[in-house]
């Protein structure tokens with residue numbers, strides 16, 4: 001029944017987005033929403049500091065006129081996912097409601113006190129160095145650490161080969177260390193660890209209706225075969241499956257459908273972060289939007305190791 005409801009909502013929102021005018025005036029500080037121009041600026045900032053993320057165009061027929069043709073959405077590929085959400089230690093005491101006043105019961109940070117980055121942890125890691133400026137440590141160095149760490153095995157987007165959209169780019173993680181790690185685990189008898197290793201391609205698009213970024217993800221198993229919807233749901237916090245996270249068509253790419261983190265609460269969560277920073281005497285620039293965005297959506301997909309921005313300083 002929930003799938004039917006989500007499908008109906010999805011179709012209605014497609015129409016609503018089509019009819020919604022493009023936001024021209026910045027309302028970031030007041031409401032947490034951003035214009036397409038601000039989305040591009042935040043995307044440029046993310047790509048500069050974390051080059052595993054890259055801009056992409058997608059299908060020519062799906063290009064949005066309100067975004068630059070070469071900057072339709074952001075993508076990072078072959079992101080490792082070593083275990084399922086059910087394998088994480090969990091109890092009700094670790095749960096925190098981020099948004100209380102919505103009809104769906106709030107944005108739930110399931111691993112609020114476990115060290116997994118969520119909305120509260122994101123704010124805690126913000127250090128206000130002055131009232132007039134915000135500084136960001138060189139995140140690119142953190143991104144480069146992936147070349148030294150053992151990650152998950154690589155995966156290709158085989159579904160897109162015939163469309164001509166599959167190409168090698170800088171957004172693809174270096175997976176040589178991933179393979180070496182898997183081999184080492186095999187020699188040590190860790191076969192289960194290999195079978196559990198998955199990889200994901202993640203995308204960030206601009207949602208014209210909600211006027212916020214939107215996260216999309218599509219996964220592959222250790223044999224580089226696309227995961228089923230049920231398998232992808234295993235890597236998503238069960239508090240968000242079929243609620244915050246639904247299966248929908250990517251606005252810039254051909255099928256298959258992907259998991260998408262619904263953006264209906266993004267602006268309100270961002271507004272709370274802006275207020276928290278302001279209470280500490282600082283000011284959150286709109287260029288930081290996607291770095292913060294990647295922090296609070298990790299509460300939804302805590303086992304996917306995409307977040308290389310967790311140690312930035314403000």
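Using the three backbone atoms N, Cα and C, a Cβ is placed for every residue, glycine included.
So that you can see what the record holds, here are the features copied from Swiss-Prot:
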| type | residues | note |
| --- | --- | --- |
| ACT_SITE | 264 | active site, glycyl thioester intermediate |
| REGION | 140-170 | region 'Interaction with ATG12' |
| REGION | 143-167 | region 'Disordered' |
| MOTIF | 4-19 | motif 'Membrane-curvature-sensing motif' |
| MOTIF | 104-110 | motif 'LIR motif' |
How many neighbouring Cβ atoms, not counting its own, are there within 10 Å of the Cβ of residue 264 (active site, glycyl thioester intermediate)?
19
Which of the three DSSP states, helix, strand or coil, fits residue 264 (active site, glycyl thioester intermediate)?
helix
